[in-house]
Structures are given as C-alpha cells and as structure tokens.
2 protein chains.
Amino acid sequence: MKSLNVELADRSYPIRIGAGLLADARQYAEVEGRRLKLVTDSNVAPLYLTHVLNALNLKEEDALVLPAGEEHKSWATVERVLDWMLGARLNRDGVLVALGGGVIGDMAGFAAAIYQRGIDFIQIPTTLLAQVDSSVGGKTGVNHPRGKNMIGAFHQPRLVLADTTALRSLPQRELLAGIAEVIKYGMLADSDFFKWLEQRLDDLLVLDTDALTKAIYRSCELKARIVAQDERESLAGGAGPRALLNLGHTFGHAIETYTGYTQWLHGEAVATGLVMAADLSARLGWMSAKDAERCTRLVARAGLPVKPPAGMTPEQFLELMGHDKKVAAGKLRLVLMRGIGLAVVSGDFDKDALQATLEHFTKQ
Amino acid sequence: MKSLNVELADRSYPIRIGAGLLADARQYAEVEGRRLKLVTDSNVAPLYLTHVLNALNLKEEDALVLPAGEEHKSWATVERVLDWMLGARLNRDGVLVALGGGVIGDMAGFAAAIYQRGIDFIQIPTTLLAQVDSSVGGKTGVNHPRGKNMIGAFHQPRLVLADTTALRSLPQRELLAGIAEVIKYGMLADSDFFKWLEQRLDDLLVLDTDALTKAIYRSCELKARIVAQDERESLAGGAGPRALLNLGHTFGHAIETYTGYTQWLHGEAVATGLVMAADLSARLGWMSAKDAERCTRLVARAGLPVKPPAGMTPEQFLELMGHDKKVAAGKLRLVLMRGIGLAVVSGDFDKDALQATLEHFTKQ
C-alpha cells in the first residue's frame, strides 16, 4: 500500500493506493463515528457494495444504487441523491461515500458540494480512469444538454481509496482508457515515468499489483502537484498550470463531440488526442520526431486508437475545437509539448502546422 | 460613500456603501472589459434595471428578469438562470450581476457558484436585509421542499454595492425586517453600536443617508469579522464563531416554520427571536434584566413584533426548534447573551429557564 497527501491547505487529503483497501475497515479511520451515506451504481453494487457496507458497518438502506452510465450524469440524478439524503435527515456532519467510476464520483462529489452548502465526501474510485484522474483535483459536476460538466463545483474529498483489486472487474476497454490518462501524465510532466511506462506497460496490462500501484501513485502525485499550484483552474485566465492536464483533450473533445459521446470512451479520444498533440509539437519543431514517434508507439502498444474516426475532416476538427472551454477571446490555445515531460499551453503556434496535423490524421 | 474590505485571502472583496452607487459606472471598475450578465426580479426591474444596464453598458437582452418572491427560490429557477447563461455562451471569464434582495442574491450567487464550476459574481442588494446580511458571508442557495437553503454553496462575490438610495422604494415592513438584523449585530457583538442604535433609530426609520450608511457599514464590518474567522461555518462542529450570527434565529425559525414562511418576514421572526433570546439570557442570570429590557424596547421601538404568533405553544416551539440545523447530536444549542454585545453559543443551559421563557412568550 502506498499513500500520498494532496496538499491544499485546510482541504488537504490522503490518497491510499493498494490491493484490498475498500473492504478494510481500518482504511476509514478518518470518518470514524460520523454518520455515513453511500452512493454507487448498478454495475458496481453487485461487485463491491457489500464489502464496503461491512467495512463501514452500514446497512443496505444507507446505500443508494443509481443507474449506471454517463447518460445519467445529470441534474435529475443529483437531485435524487439530494432528496434521499434530506429524506434520511443527514446533517452537515454527515459524510457521503462515492463508490464507483468517474460518473459516480463526479455526481456524488457534486451532491456533497451543494448539500447544505457542502459536506465531506470520500471517493472509492473503481475504474483506473477515476483512480488516476477524477480522484485528484476536486472537480465535480454533471452534464447539461449544452455541454459536459457545465454545472458543477470544486469540492475536495476528505479521503480517496484507490483499490487496485477493483480493476480486475473492469472491462478491458475501460482499463485501456485509464492507461491513456496514465500515459498522458508521463508525456506532460515526467519523462522518467514515461520511460518506466515503456518498460512496464505489459505488466500494467496484466494488472500486476505493484505496477498498477506505482502507475496510479505517480499519476496522482503528478496531478496533485499541478492542482496544488492552481486549485480552481483560475490562474492565467485558465491557461495556467492546471490547463496542462488537458494535454490531448482539445483534439479528444472534438472526437467525442463528433461521435456524440457514445462510440468512443473519453480515454480513447484522449489517446488519439495525445498522439495528435505530439505530432503537432514535432511539426512545430518543439519536440523531436523521434519522441513524437515514441508517444504514438506507446499509445498503440496499449491497444488504444491513434487515429480519429474515419470521415472526420480538418474543418470539422477546427469547428469542434473552437467550441472548447479552453478558447479564450476567440483564440485557439492548445496544450503542446516541448519534449516528453514538458507540456506547455500556447495560442502562439503556426496555424499551418495545425492544418498539416489535421490533414495528416484525417486522410483516408 | 464608505468602503470596507471583507478579508478572505484570495476571496477578499470590497463592499461599498452610499447613495447612488448602482447607477455610477465608476463603481464597476473591478470587472471592466469582462462579459457580464445580470439577474433581477420583476419587482426590482422597473425601478433600477435601466440604471444598472446603462452604467454597465449592457443591453436589455443581457438581463434575465425572474418572478419575485421566496416561493421562486428553487432549483427550477436556478436551472433557468443556468440554461440562459449557457444559451448565451457565457464562458468562465464571465461575471454574473445580482440586482435585488436576498432571494435574487442567493439564487444568482448559487448559479454563479455552480456555472462551469464557479464564475465571479457581483451583488447589488436592494433591500436593507440583503445589504446587511446576505451580501457578507458567501452563503448562496435555494430552498427544498424539506427545508430552506438545503441546497447551496459558499461562494464569495467579487464586489458588493449597497446603494442606500434603493431603500427608498422598499416597503416599510421590509425596511423594518432589515433593521431587526441591524439590531442583532449590536446585541451580539458591539454594545457601543447598540447604544448608537438606541440614539439614532429614528434617523434610520426616516432613511437618513448618513445613519443608514453607518448602520450598514458597521453591520457588514461586524459580520465580516466573524465570517473571516469561520468562513464555512465549520469550526467547532458548527458551534464556532459563525454560529453567533444566528442569535435569535432558532426561536425565529420556529416561528417561521409554524406560520408556514408566509405570514412573517424572516426579519420579523428574528426580531421576536432576539427578544426571546435576551429574555432567556436574563432568566439564566447571564445578562441583567435591565439589558434584556433594553433589547425588547429597541425592537419594539422599531415597530417589530416582540411576541410570537397567538396560539403557538411551548411544545410547538420545542418541537420546531429541535429540527433546527444547529442541533448537534440531539442536543439543543442556542445562541444566548452574556450581556449586550456578548453572544455565546451554548447547549449547556437550564432547560427549566427555556421552558419559562417559552411559557412567558406564549401565554395569551
């Protein structure tokens, strides 16, 4: 078991990573004696709910099982959670436990953020993506017909338990989608970690506990360091440190929007976005063609897509990228690389190079 | 014009108080050049909307006029505000202006808190209650069928403009309800201010600008000092400094609940609650009978009610007070006084004295 502390002054909290944590009563010492409620979904409940309820000494009625799936990441679902907590008369000392993937974590975190103006919550992420991404940073929220995560809040958990055992039940495609985000951390902030991933990718793919623990730990550590510099993504008008975490995401969002958020998993779209960002960085002469090729190869070896969906055009990319949250005053800013491990936010790049990247990736 | 700064580290903001501020373009320097949207209600719009739009160089379409009244302080209304901002493609650099009383401030503040995980907002409170109470402290939110303000967030404004001229259009009953909260600040934290109120009450009642400016300034200053110690009402399990601001509120909430939140204004219920808290404090020997009598007299002179509604029984009070948010682990805690200007939170008082107070105030 490894443990790290996310340093955010009075909102600091520990992340513990290892095998079997969710069923281990000792892991919940931080909230001993407090009234707890738990939210999970219909996929996760049959697998882990009983273990967690037992470890926390809770009854079945203390858990709310929500329908699984991104399409339920809506205000209506959060309202259901709020009504349920109010009906149970949970007071401001209460704690909400989120057991599940990113959708459950985002919704339960948001419910905790706005329940009686904010109560504590615990994250038990059961997907690799949630363990390395949504469990650090305090972003919570729901989707709106006009966009993903348009309604939400920053609300830090009190504790995160990343149980590597839970990943054994994860569909392979979702495991790979999580690995895309792990690769992202290496590409954006740590060339040694990137090298380690090149060496240990196969161990990750067979769910070796030590490799997983190390990969999750380092990903969380890198993200936590960035979040500590820019907790609310408010520095430099959104182009500060935290924006670096969006490496691959602007291209990725375009793919997700184009495919209606149904065919591609977020991590898959990010994977292709990472490859495209590396390609553009190389075209700009900001990183070597060899390093860009290493990025492409690692993504491909993980069984992740390295090309956008067939039929997507450069024009569609530009149009969909123009609607990205990271567009300031009409100017397209991208997260690019000055080498592996050295991401930068820039709106000041040759637009012809971007056009060349888009053409390269969309040619049939 | 007087100005004070609410000190909350990177969330600090100024409150400016004086005549004619809302129509004065110079007052909005803090948000110059940023995209603004404004929310107000159907009572306030005919009176001040044009002035504010002109000062901010905004068009009519930049304002959303909501139906007036506490019954609209709901999630449905906030959702309308969020949909409208999303429809206008307001981005994270946008600023939301709240022009109106406490209901508008609470809802617009909450919408700003959760719009794309939080954008800046400006408060232009147009009631005395909102100027002295809801414009300091960052509490935002909406009501839920199960209780008032059950859904919400802490979100500090970037700027508050308390325009004393706006109070000229305020119905007399609402002015008095605001004065109840002003009296509360004297009672809980400043005996000199209480004395000043005894001397200048008549000037306040005729809307003397200097008296109003001083009363609002001192109320905000006292509240800001307390809020700075305990921004999220989280210290001592909710029994910390910020709880002192609830002087009179536990009795008051019982009255509001009993009367279904329709017949009594919040400030009126608080006024009676203040008198009851003073009475109980005197019965406990914590303050002199003479000082308790001064409290009763000042509330009465302001034309505010000093008795609960006819027919309410001690048992009903106890039942309704038991459901108050400030109840920790089943123990009733009250804000009481150890003298004028010296409020304390205590669950450790003689329950017979409480019974005597309730009987005294409910006898016909």
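Cβ coordinates are placed from backbone N, Cα and C, and glycine is handled just like the others.
TrEMBL: automatically predicted annotations, no manual curation.
Taken from TrEMBL, the feature domain '3-dehydroquinate synthase N-terminal' covers B:64-175. Residue counts for the domain '3-dehydroquinate synthase N-terminal' (B:64-175) under DSSP, helix first, then strand, then coil, are 46 helix, 35 strand, 31 coil.
If you look up TrEMBL, you'll see B:G102, B:V103, B:I104, B:G105, B:D106, B:T126, B:T127, B:K139, B:K148 marked as NAD(+) binding site.
Mapped onto DSSP helix, strand and coil, the domain '3-dehydroquinate synthase C-terminal' (B:178-327) counts 108 helix, 0 strand, 42 coil. The domain '3-dehydroquinate synthase C-terminal' feature in TrEMBL is assigned to B:178-327.
Here TrEMBL flags B:E181, B:H249, B:H266 as Zn(2+) binding site. Under 8 Å, Cβ to Cβ, and six or more positions away along its own chain, B:H249 (Zn(2+) binding site) finds B:V270, B:G273, B:V335.
Taking the mean position of the Cβ atoms of B:E181, B:H249, B:H266 as the Zn(2+) site, the remaining same-chain residues with a Cβ inside 8 Å of that point are B:L129, B:D133, B:A180, B:K184, B:G248, B:G252, B:G267, B:A269, B:V270, B:G273. The 10 Å shell around the Cβ of B:D106 (NAD(+) binding site) contains 25 further Cβ atoms across the protein chains shown.
In sequence order, B:Y261 are the residues near B:K148 (NAD(+) binding site), counting only same-chain partners six or more apart with C-beta under 8 A. Of the candidate binding-site residues, B:G102, B:D106, B:T127, the one lying closest to B:H266 (Zn(2+) binding site) when CA atoms are compared is B:G102. Here the domain '3-dehydroquinate synthase N-terminal' (B:64-175) returns a mean pLDDT of 96 for the predicted model. Cβ neighbour count for B:I104 (NAD(+) binding site): 28 (other Cβ atoms within 10 Å of its Cβ, all protein chains included). In sequence order, B:P125, B:T127, B:L129, B:A130, B:D133, B:S134 constitute the residues six or more apart from B:G102 (NAD(+) binding site) in its chain with CB-CB distances below 8 Å. Contacts of B:E181 (Zn(2+) binding site) defined by a Cβ separation under 8 A and a same-chain sequence distance of 6+ are given as B:L128, B:L129, B:V132, B:D133, B:S219, B:G267, B:V270, in order along the sequence.
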